[in-house]
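Structure record follows, encoded as structure tokens.
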Amino acid sequence: MKLDLFLLAIIPILIGMFWIRSKDRYCREPLIHLIKFFLIGAFLSVIIILLENLLMKFNVFEGYSELIYVSFVVAGLVEEGVKALILIPALIKEKHFTEKLDGIIYSVFLALGFATIENMVYIFSESRNLALQVGINRAVISIPAHVMFAITMGYYISKYKFEGNKNKRREYLFMAVLIPILLHGVFDFILMIEYRWAIILLIVYVIILWKINLDKLEKYMNHSKKVFFGNLRKKKKK
């Protein structure tokens with residue numbers, strides 16, 4: 001294994017982990033539990049890759065129909081669907097999932113576990129020169145996109161967990177699964193369009209994703225801060 005390619009694959013992941021960890025400032029999750037979800041994501045990548053390869057054998061489409069099938073079904077549905085299938089029940093059972101921000105933190109760690117193996121596969125399956133280009137492209141575009149999909153999923157899982165209304169809970173559960181699938185599908189669809197203007201569209205799309213999801217993240221960070229200092233004041237009164 002070439003060290004420089006390995007570092008190219010792993011450094012963006014480590015940056016993502018430190019970044020999202022830094023957002024959990026007041027009631028921090030135990031690192032061992034975050035690593036557990038990271039490893040779950042890495043394990044899921046094997047299952048996801050096998051499922052994607054299987055579905056590609058049923059690809060009988062051409063043109064834009066093929067792009068839709070590959071981006072929304074093979075990539076979006078399988079990757080985000082499998083993550084949600086495992087993440088949601090695992091998170092609901094997680095005893096340290098005590099505030100809304102936690103849903104995002106755990107979701108991103110799981111997604112980064114998946115992205116680690118995916119990065120390795122993409123980078124080490126190419127020739128050296130192409131591997132460097134692939135690694136840089138993924139570090140700048142693909143890894144941040146995975147983080148954004150995970151923030152969306154974690155955001156709605158948290159709304160599902162802490163909502164008292166049953167109808168609302170079902171709605172949030174549905175959104176936790178469907179919205180990341182659609183966001184991922186649109187991302188891959190744009191990525192596969194063979195037009196020069198597609199890269200501009202992709203950059204705009206990623207910027208919009210960042211803006212929307214950073215707002216979601218900030219909302220839960222503010223909620224975490226409010227809860228922390230609220231509990232602190234209650235303890236002082238006692």
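FYI, residue positions are counted from 1 along the chain as it appears here.
In case you wondered, yes, glycine gets a Cβ from its N, Cα and C as well.
The transmembrane segment annotation in Swiss-Prot covers 1-21 (among others), and the record cites sequence analysis as its basis.
Listed as Cβ neighbours of the topological domain 'Cytoplasmic' (22-30) (distance under 8 Å, sequence separation of 6 or more from its ends, same chain) are residues 96, 98-99, 101-102, 104-106, 217, 221, 224-225, 227-228. For 22-30 (among others), the entry in Swiss-Prot reads topological domain 'Cytoplasmic', with the evidence type sequence analysis.
Annotation source Swiss-Prot lists transmembrane segment at 31-51 (among others).
What Swiss-Prot records for 52-71 (among others) is topological domain 'Extracellular'. When Cβ-Cβ distances below 8 Å are used as the criterion, the topological domain 'Extracellular' (52-71) is approached by residues 78-79, 184-189, 191-193 of the same chain, each at least six residues removed from its ends.
According to Swiss-Prot, the transmembrane segment annotation covers 72-92 (among others), on the basis of sequence analysis.
Taken from Swiss-Prot, the feature topological domain 'Cytoplasmic' applies to 93-103 (among others), supported by sequence analysis. Remote same-chain partners of the topological domain 'Cytoplasmic' (93-103), defined as residues 6 or more beyond its termini with a Cβ less than 8 Å from a stretch Cβ, comprise 23-24, 27, 29-30, 33, 154-155, 157-159, 161-162, 220-221, 223-224, 227.
Taken from Swiss-Prot, the feature transmembrane segment applies to 104-124 (among others).
Marked as topological domain 'Extracellular' by Swiss-Prot: 125-138 (among others). Within the chain, the topological domain 'Extracellular' (125-138) has long-range Cβ neighbours (under 8 A, six or more residues past its boundaries) at 2, 5, 8-9, 12, 119.
Long-range neighbours of the transmembrane segment (139-159) within the same chain, counting only residues 6 or more positions beyond its ends whose Cβ lies under 8 Å from a Cβ of the stretch, are 8, 11-13, 16, 20, 80, 83-84, 87-88, 91, 100-108, 110-112, 114-115, 119, 168, 172-173, 175-177, 179-180, 183-184, 187, 202, 206, 209-210, 213, 216-217, 220. Residues annotated as transmembrane segment in Swiss-Prot: 139-159 (among others).
The topological domain 'Cytoplasmic' feature in Swiss-Prot is assigned to 160-172 (among others). Only residues 6 or more beyond the boundaries of the topological domain 'Cytoplasmic' (160-172), in the same chain, are considered here, and those with a CB under 8 A from a CB of the stretch are 88, 91-92, 97, 100, 103.
Annotation comment: Swiss-Prot describes 173-193 (among others) as transmembrane segment.
Positions annotated as transmembrane segment by Swiss-Prot: 197-217 (among others). Using a Cβ-Cβ cut-off under 8 Å and counting only residues 6 or more beyond its ends in the same chain, the transmembrane segment (197-217) has close neighbours at 23, 104, 141, 144-145, 147-148, 151-152, 155, 183, 186-187, 190-191.
The predicted model assigns the topological domain 'Cytoplasmic' (218-238) a mean pLDDT of 82. As annotated by Swiss-Prot, topological domain 'Cytoplasmic' applies to 218-238 (among others), with the evidence given as sequence analysis.
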Beyond a gap of at least 6 residues from its ends, the CB atoms lying under 8 Å from the transmembrane segment (72-92) belong to 37, 40-41, 44, 47-48, 51-52, 55-56, 59, 103, 106-107, 110-111, 114, 149-150, 153, 157, 160-161, 173, 176-177, 180-185, 188-189
In the same chain, residues at least 6 away from the ends of the transmembrane segment (31-51) whose Cβ sits under 8 Å of its Cβ atoms read 17, 21, 78-79, 82-83, 86-87, 90, 94, 96, 105-106, 109-118, 121
